[in-house]
Amino acid sequence: MQETFLLPLIIALPLLGFVLLGLFGKRLGEPAAGWLASLLVLGSFLLGLVLLLQGGARWALPDWLPGIPFSLHLDNLSGVMLMVVTGVGFLIHVWAIGYMHGDPGYSRFFSYFNLFIAAMLVLILGDSLPVVFIGWEGVGLASYLLIGFWYHERINVDSARKAFIVNRIGDLGFLLAMGLLWSMFGTLSISELVEKVEAGGYSFTTLTLAGFFLLVGAMGKSAQVPLMVWLPDAMAGPTPVSALIHAATMVTAGVYLLVRHAFMLHDDAYLSGLIVLIGLLTAFYGALCSLGQWDIKRIVAYTTLSQLGFMFVAVGVGAYWVAIFHIVTHAFFKALMFMTSGSVIHALGGEQDVRKMGGMRKYLPATHLHGLIATFASGGLVPLAGFWSKDAILAYSFEYGPWLWFLMLLASVLAALYSIRWYVLVFWGEYRGKEHPHESPAVMLWPNHILMVGAIGVGFMGLPYVIDYKNFIEPFLTKAIGEFPHEKLPVFTEWVLILTSALVAIAALWWGFRFFQQKMPAWYERFQAAALQGFYVDALYNALLVNPAKGLAELLFGGDKGILAGFAGLGNLMGGLGSLLARLETGALRFYLAGFVLALVLLVGWGVLR
Amino acid sequence: MIWLVASALLFSIGAYGALTRRTAILMFLSIELMLNAAALSLVSFSKLTGSLEAQVVVLFIIAIAAAEVAVGLGLIVAIFRRRETTGVDELRQLRG
Amino acid sequence: MSIGFWEVLALLVLVGTGLAVVRLQNAVHAALALIANFLVVAGVYVALEARFVAMIQIIVYAGAIVVLFLFVIMLLSAANANVGQDLLPRLPWVAALGALGLAGVLIYAVTRFQPPANAPALGGGLPQALGPLLYDPEKWLYALLVVGFLLLVATVAAVVLIEPERIIAATSHPAHPRQDQKPSPSTGQQKDERAVVKP
């Protein structure tokens, strides 16, 4: 662990890109702006990699705020996140060079994109919570800017606002948690909080409350039930944004935050139970909604929701390293899935409705391969990345309780189904549209190739202990998260679980492959109609929260109007009084003089007779 | 003491004139009468209290009255040039 | 101070000329009545040991001010007191009541005045007595200077009030003619004169 100024440099590189592109982006021209942004992110990646291999780093600016240093901390946990954000981020940047080709806001896009990377790095590397919060808000801002990137259309702007406002609820939770922790421990540095929490001597209930507020923050950022409504609408942004921010990195920030605070959570059965419940609900909600969508990006967005639910369950059952492991694998296969979707959209000239796709495997062979791998990884086919991380979650769930394992198995069946549905609708059958599909340029294919390799291979660094007794990622991460000893499952049980989940995934994928090629039965049509609307959660929120709030606002506005009318009435009254007095101003000089004499008589009289 | 009463009477008569006269010049004349009444009362007080200061003030009153008449009559002439009248009831620009 | 024949006579003349000032319908007559009034007041001043003030009263008030009035009355042919409309026809009654009330209040006030028993002599109110007061920097000197300046300003003001156009034309620079100034024959003429003078 070394003190080095190279650590803030990691953040400064993309920030520099943001400034340069924001100021001179137009002059740089089309491919140059994109390449500059990409290379700066690559620079961050390499720098981070070097520092991580040297065993981490820290850097602090003492007394940034009174009593709060601006401290950054690169340990194994933030290192893994750093690799994901800059690595996958770099690939998506490169891909976006092709995807955003010809857009009038080309350089603006990359400027925002670099801003996002910088903010995300602040979030990840921040050691004291206010620093994390800066990043937290920064990614929210970047997300807002990028969702509303095509701001000429009303719906994009509304979606951006919705994302921002819903996130605000989570941010409130984060702020409250910070306040509570400050009042309890007098420090907001995570590394110091770890020691203070271990030292004891505080109210456990208050700590639970602080943890709960943190959870609220994480729920907002990671789009968990009941704050999940913004994520599907966030697909209004360009596809690279969806891939980078709303699938691979930003939405996992909530999970990362919870894992960072594992020392507060792992002893707290209630809080952990709540996290499990929320994760479970989100996993099912996302999966079920995904099965009813027609917009290709919304399908993938809801699958993201479901996968985030998986991560929350992992955090809830105490499998913190697994949650991070799933973030990593998910980042690869979900980014791949999104970018495959983006390539298809690109090939079809902006068409997003899967009903007008189909048969793409003939037209886009390379993209078809990417989609196939993404589907298998996401559906949990042995031995792709998604399978291993999901299997680890299932194993920990079994330790938590066999019922949870069963429910999670069900959720992973749904995951297999929605993955294969997406694949079938896009790549199989006959082409149902009118465009002439064309394969993407190399600058969009190569990032996908690399991501595809990742989606296949990255799972092998976290094999279950029955196969690889010392896998790579578990000890690597637990060094940073902390050791939370647990009973390992017996070898036999573990094998049974692995085989069960593998077989179930294969069966579900096969069944889904057949099922979604048929004509849909009536019950599925009904289900689909409900799922398309997200099971009416938006309508419910409108009825329960938004409209009453609007009503209240209008009521208050009415009250304001009344007050204003009252003031206007007062003004009119005074005006009337004034015009009454103005009638005294006859303009006749002698009239005034009469008043003068009268007053003189009265005043002198009062003076003498007093 | 009788001159104090005389000054009071003159002042009241002047006030009456200022109210009843309808041309600016005569109104002004009445005001001069009031001013003179005030000066008379000052001189009476000077005699009664044995102080010369009041007489000095009367000198100032006369001097300022001269200035006032110069400006006032100038105004009257200026107004007359514009309106061809000295009637104060014709001037009602100040009506609210 | 006793009230003798002359006092009563002077009082009656004062009131009578005062009423004449406010009631006579010919402005010239009213102004002449005012002169008479002022002359009587001057006599009263002499009786009240204010001789210098009495002289000033005659010279400035009766001699200069009222003559100025007469001059303006004749200049404007404004001798008739009944001109123009009467906006407030009932005002004379109110004025009479007000004047009576004022007189009552003021007389009541002055009769309650208690003069000191032994008032010092005034020295006849001669300039020898007033001069040291007027020219004493600790008493009235600065007031005297200010009043002198005031008289100067008032004189200039009277001229400006009566002939504003001519003043403006005379003071404006030919290279920077005023924006608000209307081109009038007189200014044009003046400019021509300057143009002639210049070479």
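Along the chain as shown, residues are numbered 1 onward.
Cβ atoms are placed via backbone N, Cα and C, with glycine included.
If you check TrEMBL, you get these features:
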- A:68-110: domain 'NADH-Ubiquinone oxidoreductase (complex I) chain 5 N-terminal' (DOMAIN)
- A:128-414: domain 'NADH:quinone oxidoreductase/Mrp antiporter transmembrane' (DOMAIN)
- A:6-24: transmembrane segment (TRANSMEM)
- A:77-97: transmembrane segment (TRANSMEM)
- A:132-151: transmembrane segment (TRANSMEM)
- A:172-190: transmembrane segment (TRANSMEM)
- A:241-263: transmembrane segment (TRANSMEM)
- A:269-288: transmembrane segment (TRANSMEM)
- A:300-321: transmembrane segment (TRANSMEM)
- A:327-348: transmembrane segment (TRANSMEM)
- A:369-388: transmembrane segment (TRANSMEM)
- A:403-424: transmembrane segment (TRANSMEM)
- A:495-516: transmembrane segment (TRANSMEM)
- A:588-609: transmembrane segment (TRANSMEM)
Report summary line: With the cut-off at Cβ under 8 Å and a gap of six or more residues from its ends, the chain residues touching the transmembrane segment (A:269-288) are 208, 211-212, 215, 219, 223-225, 228, 258, 302-318, 400, 404, 407-408, 410-411, 414-415, 417-418, 531, 535, 537
Query raised in the report: Residue counts in helix (H, G, I), strand (E, B) and coil for the domain 'NADH-Ubiquinone oxidoreductase (complex I) chain 5 N-terminal' (A:68-110), per DSSP?
Result: 29 helix, 7 strand, 7 coil
Report task. Could you tell me whether the transmembrane segment (A:241-263) and the transmembrane segment (A:403-424) are in contact, taking contact to mean 3+ Cβ pairs under 8 Å with a sequence separation of 6 or more? Result -> no
Query - Range from A:132-151, A:241-263, A:327-348, A:369-388, A:495-516 with the greatest count of C-beta pairs under 8 A to the transmembrane segment (A:77-97) - result: A:241-263
Report summary line: One stretch in A:172-190, A:241-263, A:300-321, A:327-348, A:495-516 has more Cβ pairs under 8 Å to the transmembrane segment (A:132-151) than the rest, namely A:241-263
Query raised in the report: Relative to the transmembrane segment (A:369-388), which of A:241-263, A:300-321, A:495-516 accounts for the most Cβ pairs at distances under 8 Å?
Result: A:495-516
Query raised in the report: What residues in the same chain, six or more past the boundaries of the transmembrane segment (A:327-348), come closer than 8 Å to it by Cβ-Cβ distance?
Result: 80-81, 84, 88, 91-92, 95, 98-99, 239-240, 242-244, 247-249, 252, 255-256, 296-297, 300, 303-304, 307, 311, 356-357, 360, 363-364, 367, 370-371, 373-375, 377-378, 384-386, 388-389, 419, 422, 426, 433, 435, 437-440, 444-445, 447-448, 451-452, 454-455, 458-459, 473
